[in-house]
Amino acid sequence: MRSRLGSKADVIVTAGGQLLQQVLTIVTGVMIARMLGAASYGIVNILRNIYTALIILAPAGLDLALLKHVGREEDGAQTIEAMIGRLRLIVLGGNVVLLGVGWLLLAGPLMTHVYRFAHFDVLLLITLAGVPIAADLAIMGAYYRGRHRPGAFALMTLYIQPVARLILVLLSMAFMPNTTAVVLINLLQVAISGVVVTVHHRLFLTRGDKSAPAKPAGEGWREAGGVLSESIWMALNLFVYGMLRFVDILMLGVFASAKQVGEYAAISTVAQLVQVWPLAASQTLGPTVARRYHEGDMAGVRSALSNYIHMAAIVAGFVFGGVATFGDRLDLVFGHSFQFDATIAFLMPLGYLLSATLAPMGYALSMTGRHRTELGILTVGGVVLVSLCAVLAPRYGAIGTAIAVVLTFALINITRFVVVARVLGIIPGKLTDLLPPVLAVACAFPCKLLLESLLGRDLIATLAACVLYTAIYGAIALLFLIGATERAALLGKVSAMIKKRGAAS
């Protein structure tokens, strides 16, 4: 890891790490669910979402703000290292104090009145112990990116953490198959990465350019305070956006049983696969929109957004159709302690489908100087989600929570779409982009009914139905949904791959 990775290698290493993390997160999630059962899995997910909420705020926005401070040519290595060290110390001390006091004051009332589960206070303490470490890792992530070492950081986090988690889960299954062990695993995987990053950072420092003199201590602390005051609002922005991903489970945990929470969390995890390809495809969309907007090329902005929506509808629509149709058969994967409702299996991927296809309308706002408008929409959406969950979850349980998610995602993304149309004067996409998800469901349900009528309700029948569905939808997409240019490019790539493999053999 000492050699500097080139930019292309960094991209490949980081993308590979993200893929590995997603795959092993799902694999270990299934292993944990089968080991613990639905009720304990629900408790683990409540704690996990509390952790997720806190690690958004814990770095105090420095994971973003530091990107423009680290690596500046006018500052010497000693100055940058001193500032990073001071900020890490401030954030670590602040998190330890705030989390410690918060646990002492709130753990008891939370267990008595909100999350009424045995030993929830102890499990919460273990969960909170990982937050300062995760916050420090987030700060170091900005440091490594600013030093043009994202690949090295990815190796120490995106690769080490999921692999460590897999090993620890296997050990837990063999020797300690309980909730406490799983919560400890979440702490240990972060701690392992933290140790590796700290050691590598120390080694990396010895090679830095220390020719420039460091600033006086008093000036250095003032500079660190200035960076921190600038970064806090960024943390609030991230929290507002992030809360849309964890509020539903936390709210459901207040009103429903742990078993219901576990079942909801499992289907939610699978439903989020709808977003995998669109999120990857949108990585270059923001800069493209910004560039074409500043060039005054509004037709180019519309074209970029329309092309994205078209392909996102095709790919995300396929995953949506699969989850919506086969989601109530996930007990065959997660274990028989789980029971999945077909309505929830339809609603959850529908919400993520709306987000996957229309969320990049946010780029059309934030990348054209309308950050406050985007933040306002997200803030209203967060308030609406909490309010709907508070109204619907007590009466309708998990179904009510799923309805709240769909309505909120629809509100946010349709509002974005309308604002983009009014402010920028463009309407991205076409009415035909609504067709792929409908076709997907229309293909998947007959496949499910056919194979189950022949083989019965088991895992083999479900897998066979999924394969048949994939083949039918793929043929329809290739022949009718994908344009001639896209089809020719895709077939050209496939042909080149076949020829390359033939030559190699």
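Note: Cβ is positioned from N, Cα and C throughout, glycine not excepted.
Remember, TrEMBL labels are computer predictions, not curated facts.
Now, the feature entries from TrEMBL:
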TRANSMEM  23-44  transmembrane segment
TRANSMEM  50-67  transmembrane segment
TRANSMEM  87-110  transmembrane segment
TRANSMEM  122-144  transmembrane segment
TRANSMEM  151-175  transmembrane segment
TRANSMEM  181-200  transmembrane segment
TRANSMEM  305-324  transmembrane segment
TRANSMEM  344-363  transmembrane segment
TRANSMEM  375-393  transmembrane segment
TRANSMEM  399-419  transmembrane segment
TRANSMEM  431-454  transmembrane segment
TRANSMEM  460-483  transmembrane segment
In terms of Cβ proximity under 8 Å, which residues at least six beyond the ends of the transmembrane segment (344-363) contact it?
263-264, 267-268, 271-272, 274-275, 278-279, 282, 285-286, 289-290, 305, 308-309, 312-313, 316-317, 319-320, 323-324, 326-328, 330, 374, 377, 398-399, 402-403, 405-406, 408-410, 412-414, 416-417, 419-420, 428, 433, 437
How about long-range neighbours of the transmembrane segment (431-454): same chain, 6 or more residues beyond its ends, C-beta under 8 Å?
309-310, 313-314, 316-318, 320-322, 324-326, 353, 357, 461-462, 464-466, 468-469, 472-473, 476-477, 481
Close approaches to the transmembrane segment (151-175) from elsewhere in its chain (Cβ under 8 angstroms; 6 or more beyond its ends):
1, 4-5, 9-10, 13-14, 17-18, 20-21, 23-25, 27-28, 31-32, 35, 137, 140-141, 144-145, 181-182, 185, 188-190, 192-193, 196-197, 200
Of the stretches 87-110, 181-200, 305-324, 375-393, 399-419, which racks up the most C-beta pairs under 8 Å with the transmembrane segment (460-483)?
305-324
Within the same chain, where does the transmembrane segment (375-393) have neighbours whose Cβ lies under 8 angstroms from its own Cβ atoms, ignoring anything closer than 6 residues to its ends? I mean 6 or more beyond.
237, 240-241, 243-244, 247-248, 251-252, 254-256, 362, 365, 400-401, 403-405, 407-409, 411-412, 415-416, 419
